[in-house]
Every structure is written in structure tokens, then in C-alpha cells.
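Chemist: Here you go, one structure.
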Amino acid sequence: MHSKPQWLRAKAPTGEVFNETLNIVKLHNLHTVCEEAACPNIGECWNKRHATVMILGSVCTRACAFCNVATGIPDKLDPHEPENLAKAIKKLNLKHVVITSVDRDDLPDGGANQFIQCIEEIRKITSETTIEILTPDFLNKKGAFEAIAVASPDVYNHNIETVPRLYAKIRPRARYFHSLYLLKMVKQINPKVFTKSGLMVGLGETKEEIFQVMDDLRSAEVDFITIGQYLQPTPKHAKLDRYVTPEEFEHYKYIAYSKGFLVVASSPLTRSSYHAEEDFNRLKACR
């Protein structure tokens, strides 16, 4: 595995606020993608009381080659999860929350109803908190993402992850054009919802392929794109091709804005929910 360049070295997670956030998460039996996916930004985000909550358990039914989340046979759904989540958000005094999940291909609706219950429960307890969701593709789960769109999260995020050529290797159980269809339909069903998608680089894609993904996302009327460096979690995961330089990320940002995205986050440490509250405020200012 390649040694990390200086620009990818994040501070170790420490501090009083970090520990308070950790304690609240554990107290309410919540999982976070920050921990499960070993996010490099956990120290910075948790010290700001920003955490991305992962619902539907901590075990995924897929095994994408880039992802560090555990795979296998998941536990049954926790019926108290939506209420526990809402209570934790109130205790953390979050102005903006990001909710994601593992894939649950074992469930008839892929877990869509749990997303909806979380949205409803949060709005019962704290109506001022804006809600961003990051969902799986709900492949072959008819009506699943459509129902979530009707529930009106403030932001609907679904990550395209990589270029079409690399799907068979990186996301073997996903379909590129289905993900585009999901994003396009969410916007058609509920035009008030901001749509967002993310892309990893450093997996062997070309610049031309990245520009084509940008065009495809704009054709689906996606408002916001995130572009970040792929970091290989373990030697068993998809091999890192190279580290993309900060200057290249700036170039991608320039190109993405020129193609019509309302907001672009593009840097080595950019992740789907990194600076999500600040970026949501930027989105609102564009409308």
C-alpha cells in the first residue's frame, strides 16, 4: 500500500467535545459511518458535534471493494432506532443531520421505511434540524426511494462512487445507470429536495471519465457533487492506483462548477458528509 502524502494526514481524534459526542452516540445505541468506515475526518467533525448516523444496523449485505463496513447477515431492525436517533440529535443540538445506512437487500423495502420513520421522528422532536439522507440504491426494491423522496428530506444524497468502467470491480452488485435513474426520479418526484452525489478518485479512472460522470449527473439534475480521494482500507480492498493532487481537485471543482452544479466540494479529504451543514447553507443560498 502507498504511503500517504502530507495533505492526507488528519489529526488524531481527541478532546472533550469528541468524547462527549462519542458518549451520546453510545448512550443511544447508534452506529456512525464515521467509526464503521474509519473516516479520516472523525476528529474534526466530532469536535464540532457533527456525526453521520448509520441506521439499519452495522452489517451490510453487500461487499463493495472500496468499503470498510462489515458484511454478512444483518441483525433484525431495531424498532426504537428512529426515536433514539431523534433524541441523540436533540441532545447534540444538531442544526443539520446526515443519516446513511448499510445496504439491506434482505428487507422487502431495503430499509426505506426506517429512513422515513427517522425523518418523521426527528421532525417531531426537533423541527429546526435540517435532514440530509445518504441512501443505498434500493436495487429491485420497487417504490422504496420514491417513498423516501415523498417524505421530503432537505437533501437526498446517493453516491455514484466511481466511473462506469470500474463498476464491475468496485461496485459489482450495483448498476451505474440505476443510480442515475434514482437521482433523476427523486428530483422529479420532489423538486424541492436538493440532490447530491459523490465520486471517489484514485482508482484508475481518467479525467475524461470523471467529466462524463459530471455530465451524467447534471443530466439527472443533481445539484451538488462531492469528489474525494479513495483511501484503501486494507490490503484486501480495491487497490489504490494513485493519490490525486490538491491542484487536480481544484481543477475538478472548476470544471464541475462550469457544468452547472450549484455546490461542489472537491479535495483530498472530501467525503459525502464532510462540512455537510456549511454546504447545505451554501445550497440554500443558491436557490
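Note: Cβ is positioned from N, Cα and C throughout, glycine not excepted.
Straight out of Swiss-Prot:
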type    : residues                    : note
BINDING : Cys34, Cys39, Cys45, Ser273 : [4Fe-4S] cluster 1 binding site
DOMAIN  : 46-262                      : domain 'Radical SAM core'
BINDING : Cys60, Cys64, Cys67         : [4Fe-4S] cluster 2 binding site
Chemist: Between the Cα atoms of Cys64 ([4Fe-4S] cluster 2 binding site) and Ser273 ([4Fe-4S] cluster 1 binding site), find the distance and write it as a whole number of Å.
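Modeler: One finds 19 Å between the Cα atoms of these residues.
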Chemist: Expressed to the nearest Å, what is the distance separating Cys60 ([4Fe-4S] cluster 2 binding site) and Ser273 ([4Fe-4S] cluster 1 binding site) at their Cα atoms?
Modeler: 19
Chemist: Express the distance between the Cα positions of Cys67 ([4Fe-4S] cluster 2 binding site) and Ser273 ([4Fe-4S] cluster 1 binding site) as a whole number of Å.
Modeler: 16
Chemist: May I have the list of same-chain residues other than Cys60, Cys64, Cys67 whose Cβ is within 8 Å of the Cβ centroid of the recorded [4Fe-4S] cluster 2 site, in sequence order?
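Modeler: Apart from the listed residues, the neighbours are Arg62, Ala63, Phe66, Asn68, Val69, Thr71, Val102, Asp103.
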Chemist: Including all protein chains displayed, how many Cβ atoms other than that of Cys60 ([4Fe-4S] cluster 2 binding site) lie within 10 Å of its Cβ?
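Modeler: Excluding its own Cβ, the number within 10 Å is 22.
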Chemist: Would you pick out, from the binding-site residues Cys67, Ser273, the residue whose Cβ has the largest number of other Cβ atoms within 10 Å?
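Modeler: Answer returned by the neighbour count: Ser273.
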Chemist: Over the domain 'Radical SAM core' (46-262), what is the model's average pLDDT?
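Modeler: Summing pLDDT over the domain 'Radical SAM core' (46-262) and dividing by its length gives 92.
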Chemist: Where does Cys60 ([4Fe-4S] cluster 2 binding site) sit in DSSP terms: helix, strand, or coil?
Modeler: strand
Chemist: Using a 10 Å cut-off, grab the number of neighbouring Cβ atoms around the Cβ of Cys64 ([4Fe-4S] cluster 2 binding site), all chains included.
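Modeler: There are 19 of them.
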